[in-house]
Amino acid sequence: MKNSLMDPNSTKPFAWLLFFWRPKEGDIPIMKQEDLLKQGITKDHLESYINHHYKRYLCVWVLYMICAQFTELFVPDIPETPFPIRVIEYFFYGGPLFTSLFNLFYCYIYAGALFLSMNYLYELIIISSAHLLNYIYSSPNSLLHRKLTKDQLDSLKLWLISLLFYSKSIFDEPYLSKNPRELWSIRWHQMFHEIFVELGYKPICYLFSPFPVKLQKIFGILGSFAISGILHEYILYSSNEYFTLEQFTYFLFNAIIMIIWESITKFKLEKGQKILWKRIVNSLFMTIFVFLTLPWFIEPYIRCEHYHSLMHFICRKF
């Protein structure tokens with residue numbers, strides 16, 4: 001597939017490019033039903049896959065409804081002063097306590113509702129795609145087979161197989177993260193991660209290519225998080241004309257923390273090099289850090305009365 005992109009004489013269906021970023025995309029062939037069966041993706045396998053995701057969807061949906069209902073019934077009073085300003089005033093100017101335990105807990109539940117809403121929508125997409133693939137292979141005389149050409153149908157199969165069996169999950173248990181890089185690069189929202197890398201990290205690294213590699217990476221990380229911050233600022237402004245730069249500064253702060261963390265710990269991805277107790281300490285520190293900084297990210301949404309979040313594009317409570 002990669003070679004075909006470099007060949008100007010090779011024209012492939014657009015659907016082939018939709019999942020080009022996936023790590024195993026070069027190993028995905030266009031399959032007929034007998035080829036699919038040889039690779040172990042049988043009808044029973046698909047049905048088991050669908051049932052598993054139905055159970056996941058039900059659990060996620062129930063938890064989401066509980067969290068969403070809580071966020072509507074127990075809304076705390078949020079100061080108009082941005083969270084980081086309150087922290088500075090408290091520590092340096094003797095101001096009042098910057099937050100309360102209940103506000104921290106509420107922000108944690110609100111973040112849980114955001115996380116669960118994106119999860120259950122993703123599960124809906126997965127279940128629908130699995131049903132469609134099952135329909136294609138179990139109904140050879142279906143409307144799809146009559147309306148689509150062989151190339152179009154093969155491309156659709158490739159699209160579905162890629163999504164279901166060759167794609168990273170949108171989340172990978174982010175609450176188990178042991179450091180900032182693991183949280184933002186591996187466990188959190190893989191759907192947007194590649195976009196931020198392509199639009200922020202790589203262009204900035206190229207811009208600073210005359211400088212040392214370490215400096216390129218530092219500014220690349222800042223660029224990637226800046227793109228994320230701009231996106232979240234746009235979401236708030238477009239939905240409620242609310243603009244305080246809290247989202248932007250929150251993500252830049254996380255970028256700085258990641259840079260400092262890696263400079264101190266020299267983090268490596270090889271898990272075998274980590275001692276168990278160190279993993280536990282790091283996980284505990286990350287949990288506390290995320291818990292204490294969540295109001296910085298969540299409070300703007302609460303002030304705008306954003307509830308029932310759907311893929312970050314949230315409906316306003318009437």
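Placement of Cβ uses the backbone N, Cα and C atoms for every residue, glycine included.
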In TrEMBL, which of 87-108, 153-174 is tagged transmembrane segment?
87-108
Same-chain residues at least 6 beyond the ends of the transmembrane segment (276-298) whose Cβ lies under 8 Å from its Cβ atoms:
82-84, 99, 103-104, 107-108, 110-111, 175-180, 183, 246-247, 249-250, 253-254, 257
Run through the domain 'Wax synthase' (169-242) and tell me, per DSSP, how many residues are helix, strand and coil.
57 helix, 0 strand, 17 coil
Restricting to the domain 'Wax synthase' (169-242), what is the model's mean pLDDT?
88
